[in-house]
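Here the structure comes first, spelled out in structure tokens, and everything after it is commentary.
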Amino acid sequence: MSLIESTVHDGLVFPPPADLAARAEVSGMDAYQALIAEAARDYEGFWARLARETVTWRKPFSTTLDETNAPFYKWFEDGELNASYNCLDRHVEAGNGERIAVIFEADDGTVTHVTYRDLLQRVCRLANALRRRGLKKGDRVVIYMPMSIEGIVAMQACARIGATHSVVFGGFSSKSLNERMVDVGATALITCDEQMRGGKALPLKSIADEALAAGGCAAVSSVIVYRRTGGEVQWNPKRDMWLHEITECEADICEPEWVGAEHPLFILYTSGSTGTPKGVQHSTGGFLLWAAQTMKWTFDWKPSDVFWCTADIGWITGHSYIAYGPTAIGATQVVFEGVPTYPNAGRFWNMIARHKVTTFYTAPTAIRSLIKVSDADPSVHPKSFDLSTLRIIGTVGEPINPAAWMWYHEHVGGGRCPVIDTWWQTETGGHMITPLPGVTSLVPGSCTLPLPGILAVVVDETGHDVPNGQGGILVIKRPWPSMIRTVWGDPARFKKGYFPDDLGGKLYLAGDGAIRDKETGYFTITGRIDDVLNVSGHRLGTMEIESALVANAMVAEAAVVGRSDETTGEVVVAFVVLKGPRPEGAAAEKIANELRAWVGKEIGPIAKPKEIRFGENLPKTRSGKIMRRLLRSLAAGEEITQDVSTLENPAILGQLR
Ligand code: WT7
């Protein structure tokens, strides 16, 4: 709270640039308010209008929202469409086939341009090849690919034939990949020989081989391999096939599979408060509508724009704002294979200058790490590059602290580009609370106001509204088209986790805390209220990491908490009790390293604990409950001010401090 009040007080409010506002898709506060009023007057009519204007339907829908089986809401249910048709064919049919869809820059700097016509052709060829292998509507295809044109083509090709894709981030381990393939019931896997990042090759195919061998994957009968590096791979001729070989002989035309609006376009796994990740299931119609609509509203997309979202297709941001949103509106976008620090920390700025990027969307962690480096080395500082083409810059994935916001605004945005701090989640499918570049006066550290049609509010534990200025739980009051439909294979978990009875069963629980400014009503996100960490914008479940740790033969017990970190937002701190004696000194360091590597193998390198502390026990109440609050204070190195009288074993604190 004090943050917003003090920034407002200090005059740190940035009104929208007048010229941008004048030409913006949503131009000025009155236009925004008019949209809000339209949604308030006729909620369904509002969404129906957008869905008709933004999406091309094969068969128009006659009902907008079906609430009969709430919270399993249905949108535009009897409408039929195809996502890939919307993202590709309709632009070619409109005469925009020669427009550049993707400017792909490889890790080593090689640039490839792909037009909408090219992209459609590639998607059709792969879609035909998938059909030839018996894949059809409703089948699940796992995609384990690096950032690549082929990755986008794979997603679109699945959409074209009505297969539901599930992309697994290339940084996940073979075990994580195996679990996801099993849970989703995959019958095909699309992967790559090796991934190139920062000049290093990472063997995706061999990780995939391990995952396939780990059991439960007998149904995966086709493994399609994109040859990226030509590095050596193991080959199972019964199952493995090269992408370039199977697409070579296919036709350039592929009739899309027209699907109902509720047909699952994709399932994307994300972490929650239990030990197992959940498959967030998204629809076709509602998802596509919001991915496209938010491109127009939040990014104020214009045909002359060059859009660049630096996310990976393995996360929701890469689904909504690389694979589907930009293509759905016919945008030209940069797709980048590599990392921001290779060959040096000026890579982002250098690429913005070379590709004349107008709209740049990245994570606060990336900004914070680049601030550090460019403070020490002026040659990689954004001011050493011509960033004058930029007009809108955005952030996503975690809170952005005001200092990083100011640096981004000044040095990347040249003081003239609105900083669009977008709050949303895997489950929401697209932006929810965000400034609009031609509308909103910005306050660093606040994601400002909900988009039209999104009824975000802050409530207490019983689901009642709290007044502005008072912290609480962030909820969404009404269903919206791009919302999660269910947790794949576990509808009870969906209902319990997102529409809990404690809150009355009708409010969507985001899992974040929030507070609204007294005067402006602006939202500031105060962080997760559940056992979910946010490390570099990546969502990690503490329980998942704990399960991974206790799966190690040395470990008796483990508790994982987050500690705030200047660069990555949070880091993972693990408190571990070994089966043997408590190790000290060099022995402790050695075991800690082994356990870190173990977690990397079990989940993926992103989940490795930064710090591991050993104790003979964990601080517990007399009923045996681990006192996590206490562990968080210990991890942060804070003085213990909590009441420890309920603690069974106070002596343990000394060991863990
Ligand atoms: C969680 C969702 C949004 C796509 C990428 C991450 C946090 C996200 C913001 C923001 C503060 C944010 C929340 C949210 N988060 N954006 N602008 N300000 N926090 O998607 O992995 O589903 O994570 O990321 O805690 O719940 P995700």
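Every residue gets a Cβ built from N, Cα and C, even glycine.
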Co-listed ATP-binding residue [TrEMBL; alongside Gly397, Glu398, Pro399, Asp421, Thr422, Trp423, Trp424, Gln425, Thr426, Asp512, Arg539] among Arg493, Arg528: Arg528
In the chain carrying Thr317 (CoA binding site), residues 6 or more apart in sequence that have Cβ under 8 angstroms from it: Cys309, Ala311, Tyr361, Val396, Gly397
Listed binding-site residues (Thr422, Thr426, Ser536), ranked by Cβ neighbours within 10 Å, top entry: Thr422
Distance, Ser536 (CoA binding site) to Trp424 (ATP binding site) (CA atoms, angstrom): 16
Residues satisfying Cβ distance under 8 Å from Val550 (Mg(2+) binding site), sequence separation of at least 6: Ala556, Glu557, Ala558
Protein Cβ atoms within 10 Å of Gly199 (CoA binding site), excluding its own: 11
Neighbourhood of ligand 1 - binding-site residues from Arg197, Gly198, Thr317, Ser536, Val550, Val555 with Cβ under 6 Å: Thr317
Same chain, 6+ residues apart, C-beta under 8 Å of the C-beta of Gly198 (CoA binding site), given in sequence order: Asp107, Gly338, Val339, Thr341, Tyr342
